[in-house]
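What TrEMBL annotates here:
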type	residues	note
TRANSMEM	12-31	transmembrane segment
TRANSMEM	43-62	transmembrane segment
TRANSMEM	83-108	transmembrane segment
TRANSMEM	120-142	transmembrane segment
TRANSMEM	154-174	transmembrane segment
TRANSMEM	180-203	transmembrane segment
TRANSMEM	331-350	transmembrane segment
TRANSMEM	370-394	transmembrane segment
TRANSMEM	406-423	transmembrane segment
TRANSMEM	429-450	transmembrane segment
TRANSMEM	470-489	transmembrane segment
TRANSMEM	495-518	transmembrane segment
Amino acid sequence: MGSEDVLKSASTLASYNVLLQVMFRVLTFLLNAFTLRFVSKELIGVVNVRLMLLYSTLVFLSREAFRRACLSSEGAGRNWKQVINLLWLTFPVGCVWGLLLVCVWWWMLQAPDPESIPHYVPAVGLFCLAALTELLAEPLWVLAHAHMFVRLKVIAESLAMIAKCLVTVVMVVSAPQWGLYIFSAAQCVYAGFLLLCYVLYFIHFLGSEEAEKKNFPVSHITDLLPSRLDHEPLLNWKLTTLTWSFFKQSFLKQILTEGERYVMTFLNVLNFGDQGVYDIINNLGSMVARFLFLPIEESFYVFFAKVLERGRDARHQKQEEVSMAAEVLECLLKLVLLIGLIITVFGYAYSHLALDIYGGELLSSGAGPALLRCYSCYVLLLAINGVTECFVFAAMSKEEVDRYNLVMLGLSASFLLLSYWLTWMLGGIGFILANCCNMALRIAHSIVYIHRYFVQSEYTPLWGLRPHSAVIIALGVSSILTTCSESMFCCDGGWLLRLVHIAVGAVCLLGVVVTVFLTETRLVQFVRTQLLPKYSKKRT
């Protein structure tokens, strides 16, 4: 597959992923708003912080390193049987992590009050079971992702999420007294549907005319199981050692990504009720970041990993591919920067209104609006870091990855200490400020790497971090107008004044968007031709 084809496929994948994440976040958004009316904030805190931390930790540590290694350019000309054998190690690794984590969650962490939140012990076991079920689909996921089966991921995860939401809604309404069993069953249904969709697809696809036309490396469903190879080792040792490097990094990255949840869970700086409120606001504040920035990062990591050769700077690569990678990186940086700035500006003036509409006085009173305002600033850093690290991880050699692990180790330690200290002083806002500091340091490291990578070439992708001056002026004027509007019209004067406040924001946002269209023409062209599915010339 040539560079142009890879770019088209990666762009299509990003577009579908964005649509998928939009649906996920909207469903989760509506589900949280619905369940707030039926369950306590303490129960939400246990599920969304304590149990989902167990699930995400087990899944991430068991599969992330395998994904990054097997999708990198190191796998070019790979023997897929060796790759599949390697990927099946995710399940025994998950079993080991599961046993360890369940013991910690059962016996080392403070259990919630069984009178108000019953069934904690079986819920931990069921969440672990759901995570292991999802890991069984990992070889199929990587195989599909490597061959750009974008619709498969969309359909599988959509069906799984819809099933999870349906189970949650039905059980919350009909049997709210079941408590944690409701969310445990819903998570098991999600994992089971996901696995079932991948298995059924490959049973149908393998051996078909479409598979033969694509020269698919696997011909029968039994080839997806671990197997011995004639005159070859069971595993590709180059990929195995790269996996080990990524594994050490993934451990540290997980601490940075979920750091505030680890601090809340292990250090008890917030009670379960405060954890529930913080998590709801965290999900609300990160909704755009998760459904937009994360899919772009995942999809274009595949592009950069396939186009660039690890460990070589821009001078020692094919110049046509370096030029394409530099142009894509610059446009992606400009895109996420502008989106992040818009969220920061308008998030400040509309946080109180958003929380009042979403959760009523439970969320809009107290520290809720201040938390969401801080998170709006954090989203800007989150956006930039996602793209810069996406490029850096795709371009680094194994040795550079190992060295960066030391950097991540220092960041992890400083983050945990800083978040504990700031949370002790400032409450939930301290978590967000600690995240901002960590993200800024990671961005700085990535920017230095990208600058050195291109320093002796003609390409300057970091110019993508410099928006047009007219856009900056438009954002500044919008910030002043919306802040004044909030102080005058929001949020105790009734719905008419709220609608006036919303109208002011809509006019300001329209002005910013028009300014971007008129000044950032290169970016607009990139979005139209690469990120929107209807403009994609190549269908996967």
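Each residue, glycine too, has its Cβ placed from N, Cα and C.
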Within the same chain, the residues 6 or more beyond the ends of the transmembrane segment (429-450) and with Cβ under 8 Å of it are 256, 259-260, 263-264, 278, 329, 367, 370-371, 374-375, 377-378, 381-382, 384-385, 388-389, 391-392, 395-396, 404, 407, 411, 414-415, 418-419, 421-423, 461-462, 465
Same-chain residues at least 6 beyond the ends of the transmembrane segment (120-142) with a Cβ under 8 Å from one of its Cβ atoms are 46, 51-52, 54-55, 58-59, 62-63, 66-67, 70-71, 83-84, 87-88, 90-91, 94-95, 98, 101-102, 105-106, 111-112, 114, 153, 180-181, 183-185, 187-188, 190-192, 194-195, 198-199, 201-202, 224
Outside the transmembrane segment (83-108), at least 6 residues beyond either end, the same-chain residues with a Cβ under 8 Å of its Cβ set are 50, 54, 57-59, 61-63, 66, 69-70, 75, 121, 124-125, 128, 131-132, 135-136, 138-139, 142-143, 218, 223-227, 234-236, 239-240, 243
Lying 6 or more residues past either end of the transmembrane segment (495-518) yet within Cβ distance under 8 Å of it, the residues of that chain are 338, 342, 345-346, 349-350, 353, 468, 470-471, 474-475, 477-478, 481-482, 485-486, 488-489, 524
